[in-house]
Amino acid sequence: MLDGLNPQQRDAVVHEGTPLLIVAGAGSGKTRVLTHRIAYLLSERHVQPQEILAITFTNKAAKEMKERVDRLIGPRSKAMWVMTFHSACVRILRREAKRLGFSSSFSIYDQADSQRLMAMVCRELDLDPKRYPPRSFSAQVSNLKNELVDYDTAKDKAQTHLERTLAEAYRSYQRRLTEADAMDFDDLIMLTVTLFQLFPDVAEHYRRRFRHVMVDEYQDTNHAQYMLIRELVGVPEARTADGEPVREGREGAVEPAELCVVGDADQSIYAFRGATIRNILEFERDYPDARTILLEQNYRSTQTILSAANAVIARNEGRKPKNLWSDQGAGPKIIGYVADNEHDEAMFVAQEVDRLADDEDVTPGQVAVFYRTNAASRVFEEIFIRTGLPYKVVGGVRFYERKEVRDLLAYLRVLANPNDTVSLRRVINVPKRGIGDRAEAMIEAFALRERVSFWEGLRRADEAPGLATRSLNAIKEFVALLEDLRGKELPLSELAEEVLTSTGYRTELETSGDPQDESRLENLNELISVAQEFEEANPEGTLVDFLEQVSLVADADQIPEGEDHQGVVTLMTLHTAKGLEFPVVFLTGLEDGVFPHMRSLGEPRELEEERRLAYVGITRAQQRLYVSRAAVRSSWGSPAFNPASRFLAEVPSDLLDWRSDPQKTAWAAATVREPRRPAAPAKTGGRVIPSLSPGDRVTHDTFGLGTVVAVEGAAEKTRVKIDFGSGDEKTLLVAYAPIEKL
Ligand code: ATP
Ligand code: MG
């Protein structure tokens, strides 16, 4: 268990009793220590698997950690809880939901659902959406929850009219959630904390169970997560968001669990989600008997890469200096490249990946390309497709955000939880069944008056005044349909299939004559395959379990599995790259205004966060690092001449080799500017009209790569709105536009 660890790492693995903080720079083996510590607890200290709770940042990281533990000591990881904060909280809440007035099959609302709900609330409160944008309210409520501020407190603290309005919206929003038997992502954490605080017996149950609590990436925990850990571990004095100690007087109930957290203040990159490095900086103050272990040897990167990272992060103020070193030798210099434009930049990457494959046996699976924002992926995709380089984009427009996928999931959610009003109202007239907006509004008013759920309102539609007979009949049929589906005892995938059939959803798509409906059907079939896979992997799994898994999918969970990442280049944002490592890394878009992000330019604190992001990016690289920028980049449809990123100047110049490739211009001209096919009007060639739906990727002969935002009309009249990058949206007639679906 202790093989392959240095003395400090070993200390950390065997440390017993008091809380343990491991603070160390990137690649120093923090995650490895956690894995070995778990294995050591199980095999040497005879801890039972169910006594272990380890929190990781993604589901994928959790899976990997379990697999590694199994490899170290044999298959014992099953009863262990290795998971994200959200997954752990859902598990706890499902068991205890009744105490908080929820059922154990409560729904989980993602960001889109909760924005929808907030929009309903704002309408109900008659708020002018221009002055009080629901999205902004939704974000602010999320921030409050991350600070564990409930609506009463928000109201008490409110000073301005806006803050009072927000508190009121927060209150109605929360009431609506409870009525819908639903929790949003932030509630999952906050309500678990509330649960522990309101019900000492529940807290004690989990404290008895989890004798070992471990947290990876501790620097990115927010206040609510911090409190959750405090509650779980059972340390009596916790503090509020303002730093005031909260005395709970629960000393002596259960011995505090052993806590071990690992993190790196320099890698804190989620301040915008309420993460606070205060949690790491003040750990020692919060846990006076804590031991701190520093790890200083980096095992991931060459000294060149490490020195660059150290030099960049050293510019941040108020941080503890670190002495990270590597014995892997200097390795090749960092290669810098100034591209003519973003196409040229992507071309350089593609060309270099090819060259590495030829000259150095580097496979595409060993390469990662990072960028600051999701939108930047498009140009890379375009060039990679043209040059035949296999790749996978992680994050961005997601399968689960497509309309038809959300529709089917909404049906399933309504079946699992009839009170899930957001889902119910989403599908009430999908496909069209004659329940119009007016009828819906009448039911809503009736339900409100009778103080029953929207679903109850539908069931009692007979009593609702003023409904037209046609609407009433349609509502009755809808209710009967759902009740019938709910009564069916079918395996998950068959139930999903049955929903599509009995609601007429499938028939509508099949007979619409609208070409984009074909790809909608494909997506629905894909969702049914997901359900089938789930059934196979979880023979005991319920509908609620399935919905839960689907709602907790994160960007990073899409990274191709395995050491070789299935042989494809991985493209992702810097935020998603946290915790990962790749032999070859391309850090792109190093321009002031791109990275660091425009928003951060005049803001010292945000700039420091951008610099930490740069530090994260650089330290993902094991052997080779490339940094690139474009002299011109199209931004909002017009060219932007951004100056070089200040982070480039912060890399010592002797570590950097600026590449200027004499063949570059010729190569780029030959490959980029030559059209793939003549841009003749499409109809002359009797060309097949591509069937498109929102989220699809397309290339356009002139505008390049884009994402379909909306589709309207049918057959030759189909018009698509395509986003060609940073808000550059164009509406085109599919039949005539030189576009190709990817
Ligand atoms: P990050 O801050 O990026 O999350 P980390 O501190 O968690 O990094 P790990 O991912 O655990 O670092 O380790 C980085 C790499 O170094 C991994 O490939 C790991 O297997 C390797 N490594 C760590 N410790 C040792 C060691 N003692 N001997 C050999 N390899 C090691
Ligand atoms: Mg790690």
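The first residue you see is number 1, and the count goes up from there.
The backbone N, Cα and C atoms fix where each Cβ goes, and this holds for glycine too.
Mapped onto three states, the DSSP output places Thr31 (ATP binding site) in helix. Annotation comment: TrEMBL describes Ala24, Gly25, Ala26, Gly27, Ser28, Gly29, Lys30, Thr31 as ATP binding site.
According to TrEMBL, the feature domain 'UvrD-like helicase ATP-binding' maps to 3-302. Per-residue pLDDT, averaged along the domain 'UvrD-like helicase ATP-binding' (3-302), amounts to 90 for this model.
TrEMBL lists 303-579 with the feature domain 'UvrD-like helicase C-terminal'.
Taking the binding-site residues Ser28, Thr31 in turn, the residue surrounded by the fewest other Cβ atoms inside 10 Å of its Cβ turns out to be Thr31. Among the binding-site residues Ala26, Gly27, Gly29, Lys30, the residues whose Cβ lies under 6 Å from any atom of ligand 2 are, in sequence order, Lys30. Ligand 1 lies within reach of Gly27, Ser28, Lys30, Thr31 from the binding-site residues Gly25, Gly27, Ser28, Lys30, Thr31, judged by a C-beta closer than 6 angstroms to any of its atoms. In the three-state DSSP scheme, Ala24 (ATP binding site) falls into the strand class. Take the mean position of the Cβ atoms of Ala24, Gly25, Ala26, Gly27, Ser28, Gly29, Lys30, Thr31, the recorded ATP site; other residues of that chain with a Cβ within 8 Å of it are Asp264, Leu295, Asn298, Arg300. When Cβ atoms from all protein chains are considered, those within 10 Å of Gly29 (ATP binding site) total 23, not counting its own.
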